[in-house]
Amino acid sequence: MTKPPPFPEPDDSETADERQFFAQQKTRKLDTVATLGGTGEAHYHGHRDRLRARYREQGDAALADYDILELILFRLIPRRDTKPIAKELLARFGTLSGVFGAPQHLLQEVKGVGEAVALDLKLIATAAQRTLKSELRNKQVLSSWSAVIDYCHAAMAHETKEQFRILFLDKRNALIADEVQQQGTIDHTPVYPREVVKRALELSATALILAHNHPSGDPTPSRADIEMTKLIAEAAKPLGITVHDHVIIGKDGHVSMKGLRLF
């Protein structure tokens with residue numbers, strides 16, 4: 001009977017290579033467990049649970065702005081530590097209002113914010129604006145002035161170009177329509193009084209509130225703002241249409257031209 005050939009003796013260099021390979025795999029596994037906090041979960045999962053519990057038990061007063069933004073980002077970016085992203089967004093845009101009001105392309109310039117996340121943030125901003133706008137429906141707008149300002153600020157304060165908006169009111173001063181009449185450049189919006197009055201007649205509006213933003217952040221009215229407002233008021237008056245106010249929106253405040261008696 002023929003004996004099988006003996007197994008070759010392992011080469012010392014091959015044995016050393018195998019030991020090194022398996023040692024590296026063990027080290028990598030230990031590093032992964034350490035990164036996951038020794039529990040098989042990423043270290044930020046425990047932080048997320050604690051943050052949610054704090055909000056559930058104590059409400060928003062217990063959270064900083066970056067905590068609130070981080071809670072939102074948890075859902076949008078489930079497999080990543082979102083605290084640095086939340087802090088970077090606030091550093092870039094200043095406030096929660098600034099983050100949600102920022103244009104999509106600027107949001108995407110922040111590391112970790114892709115197109116889908118930017119769109120979701122804008123969707124949240126849209127929901128907030130519509131909520132504020134719904135507060136104006138079927139109400140006398142002049143008796144809900146703070147709601148008007150809140151809505152205009154949410155809709156316009158962080159636009160990067162000037163935007164001229166008109167709130168059309170009926171004889172009860174209830175909101176009929178809210179329309180952006182014109183969009184312009186960073187410091188100018190062309191507005192045509194005849195077109196404003198024409199649209200008011202089409203909607204059977206009897207009163208208007210004019211609003212536009214100053215992307216510079218300073219809501220001080222310019223000479224052109226004052227002259228344009230006077231022209232609209234003069235064109236509307238003979239047709240029984242009242243211009244209640246022209247509000248200029250800045251990032252941190254607003255100016256009522258009626259309050260300053262500028263027209």
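These residue numbers are counts, starting from 1, taken along the chain as shown.
Cβ from N, Cα, C; glycine included.
Taken from Swiss-Prot, the feature Zn(2+) binding site applies to His212, His214, Asp225, supported by sequence analysis. For 141-263, the entry in Swiss-Prot reads domain 'MPN', with the evidence type sequence analysis. Look at Swiss-Prot and you will find 212-225 tagged as motif 'JAMM motif', backed by sequence analysis.
Beyond its flanks by at least six residues, the motif 'JAMM motif' (212-225) meets 156-157, 159-165, 186-189, 246, 248-255, 257, 260, 262 of its own chain at Cβ-Cβ distances under 8 Å. Of the chain residues outside the Zn(2+) site list His212, His214, Asp225, Glu162, Thr189, Asn213, Pro219, Pro221, Ser222, Ile248, Ile249 have their Cβ within 8 Å of the site's Cβ mean position.
The DSSP secondary structure for Asp225 (Zn(2+) binding site) is helix. For the binding-site residues His212, His214, counting C-beta atoms within 10 A of each C-beta gives the highest total at His212. Counting residue by residue with DSSP, the domain 'MPN' (141-263) contains 43 helix, 35 strand, 45 coil.
Non-local contacts of Asp225 (Zn(2+) binding site) by the CB criterion (under 8 A, 6+ apart in sequence, same chain) comprise His212, His246, Ile248, Met257.
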